[in-house]
């Protein structure tokens, strides 16, 4: 018999039903569950696949550069970044005739194009690229890296080049390599690029390979470095009248601590960023020399963790046993990596708009909105993934004997207290926040807006004041004009910071009031509830009072049959599934808040947000309905416009989202009956019955249907909001 899909599971390959296909797809990447897998092959497969992942990333980024160089308008955008719309790529086949062609021919293009809202133009401009040739060179270089990655992946699957398990478990060498080799050296290299290429470009000097060795990035060269006069590199920075990309108002400093923003580009000073990357490089290069490898000096991770036993005895045996637990569990390591990456991605979202690093990106409002929303959604998915793999760790890899009375075991011992506290916090936040919103809503409805309960966020305002915001009138720390910190800040460090905090043209420490107080607590409710579901899923993954033997059923089981009541919907997978809905819900509130606050800021009518955000109808009417009006315009006698594609995507997103409920609310029996009826009809229909199938069609399992429903719900939700966000922002600001 020929080998059938899936080859990695003979049990599944022999399944006579369509379950074979779905279960095969579902377990294709669960290497641990494959036939004849060994620990060594598991590690080697994952290692090789990382190179494939890198190849895809390099190919994708190469494609961005290539298409902009080929079909974009980078060179004309560089001449006038604030008024030329950046083109992502051409549209080959604009449907709906001449009106469509006219609607999408923009940005000085000859034919229909897509506008770029990703910020790549601003990024490339900031780092010193100026011509299409530069973009092509970058695309070719990334294509080369992609090919190298593919070759490396293939190579590490060959017998002679397969690393051993001991190599993968050498934690100290990996730490040193990642800290020094990846973070340290790459940060140092980036500092080099900024100093040698980007900063000269911002001052009108074009540095390329042909003159790299001739142009001194600083008039005194390396002299100050070797003589210890490092402060010379900070002297004579660009002036506040500097025109970016020209020598007008330019200085000679390369490593500064100016603080605040370049007045023209509204982005951080390039010389500050070079300084930042140099500091990061130094820290990581040192960190990457701290762990004991071949030379018998430095820290041993195992010794470090075993020594972490709090003397008071409150944490039992502390971190004893954790080294082997983490080092032998890929799921634990992945959980830690995802948790870190999730936090970082959300921090990127928060910092990209408040401290914009790229020239002129702060004035490209649609790009700002798109990047914030994009990074928050990515962060949400990564964070839920961290808990999912944490739960799989508890089911597949956790050993009670190895972790006796350490912090991990004590987490499990105290899980009732942890879960009930999260539950209490969620209930408190939910009822109080909803109570305030509903009360205010009713007061507005009955025509007595003065009876709203409006709470001023005084603690948050105090924190903003401590960082230098003076408008609230708190005389504290950096907002205290006669304090030592304030005076030092004027001269010694970051003199531009206090100006930036108190300017109204940027997004640093936006002025906040009762509407912010309420939505902050709504978001806190979402975060705590999502966390509650995820933490409960992981801590109850091995078992609970209701189902003590849960770990024997694996990560995702629907129920333990009809004989055990209450065992449905309590697998660790179900917790992940439910948490994703809450995660999407929470990020919805986060992005609504960010977008509405910024639209009113950019339009100069902040009072709209301040007055309408304190009650539910305000959010529904003045944010959602008002901003979606262009998208629900429908057919009109004026034909197409450049927002039509977003209007279509808005509709289509709703369709995909609603389709999710078909999978989420109806279950197997209904579909099984329908499938059997359709199969009967198929077999009796001329021509159609020439096509036969070997697998008996069966309905999706409960868990699979949930996954398909969740996927449609998520994709539709994000499509809908993306269309709304981009259309409502670009429709207002062009």
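Our numbering is plain: 1 for the first residue shown, then up by one each step along the chain.
Backbone N, Cα and C atoms are what each Cβ position is placed from, and that goes for glycine too.
Per Swiss-Prot, [4Fe-4S] cluster binding site is recorded for 559, 568. Annotation for residue 568 ([4Fe-4S] cluster binding site): same-chain Cβ neighbours under 8 Å, separated by at least 6 residues, are 558, 559.
Among the features that Swiss-Prot reports, chlorophyll a B1 binding site is placed at 654, with the record citing sequence analysis. Residue 654 (chlorophyll a B1 binding site) falls within a helix when secondary structure is assigned with DSSP.
Within the same chain, residues at least six positions away from residue 671 (phylloquinone binding site) with a Cβ under 8 Å of its Cβ are 699, 700, 705. Positions annotated as phylloquinone binding site by Swiss-Prot, on the basis of sequence analysis: 671.
Swiss-Prot lists 46-69 (among others) with the feature transmembrane segment, giving sequence analysis as the kind of evidence.
The feature transmembrane segment is assigned by Swiss-Prot to 135-158 (among others). Nonlocal intrachain contacts for the transmembrane segment (135-158), taken as residues 6+ away from its ends with a CB within less than 8 angstroms of a stretch CB, comprise 44, 47-52, 54-56, 58-59, 61-63, 65-66, 68-69, 74, 124, 129.
Annotation comment: Swiss-Prot describes 175-199 (among others) as transmembrane segment.
Among the features that Swiss-Prot reports, transmembrane segment is placed at 273-291 (among others). Outside the transmembrane segment (273-291) by six or more residues, the chain places 171-173, 175-181, 183-185, 187-188, 190-191, 194-195, 198-199, 234, 254-257, 298-301, 357 with a CB less than 8 A from a CB of the stretch.
Summarising the annotation, Swiss-Prot assigns transmembrane segment to 330-353 (among others).
Annotation comment: Swiss-Prot describes 369-395 (among others) as transmembrane segment.
Within the chain, the transmembrane segment (417-439) has long-range Cβ neighbours (under 8 A, six or more residues past its boundaries) at 411, 452-453, 455, 518, 521-522, 524-525, 528-529, 531-532, 535-536, 539-540, 614-616. Annotation source Swiss-Prot lists transmembrane segment at 417-439 (among others).
Sequence-distant contacts of the transmembrane segment (517-535), counting only residues of its own chain at least 6 positions beyond either end whose CB sits under 8 Å from a CB of the stretch, comprise 384, 387, 418-419, 422-423, 425-426, 429-430, 432-433, 436-437, 455-457, 460, 575-576, 578-579, 582-583, 585-586, 589-590, 592-593, 613-614. The transmembrane segment annotation in Swiss-Prot covers 517-535 (among others).
Sequence annotations record features per position, and here Swiss-Prot assigns transmembrane segment to 575-596 (among others) based on sequence analysis.
According to Swiss-Prot, the feature transmembrane segment maps to 643-665 (among others), an assignment based on sequence analysis. Remote same-chain partners of the transmembrane segment (643-665), defined as residues 6 or more beyond its termini with a Cβ less than 8 Å from a stretch Cβ, comprise 96, 100, 103-104, 628, 630-633, 700, 705-706, 708-724, 726-727, 730-731.
Summarising the annotation, Swiss-Prot assigns transmembrane segment to 707-727 (among others).
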Per Cβ pairs under 8 Å, the stretch of 330-353, 369-395, 707-727 packing most closely against the transmembrane segment (575-596): 369-395
Proximal but sequence-remote residues of the same chain as residue 654 (chlorophyll a B1 binding site) (Cβ under 8 Å, at least 6 apart): 716, 720
Residue 559 ([4Fe-4S] cluster binding site), number of other Cβ atoms within 10 Å: 16
Local backbone state of residue 568 ([4Fe-4S] cluster binding site), from DSSP in three classes: coil
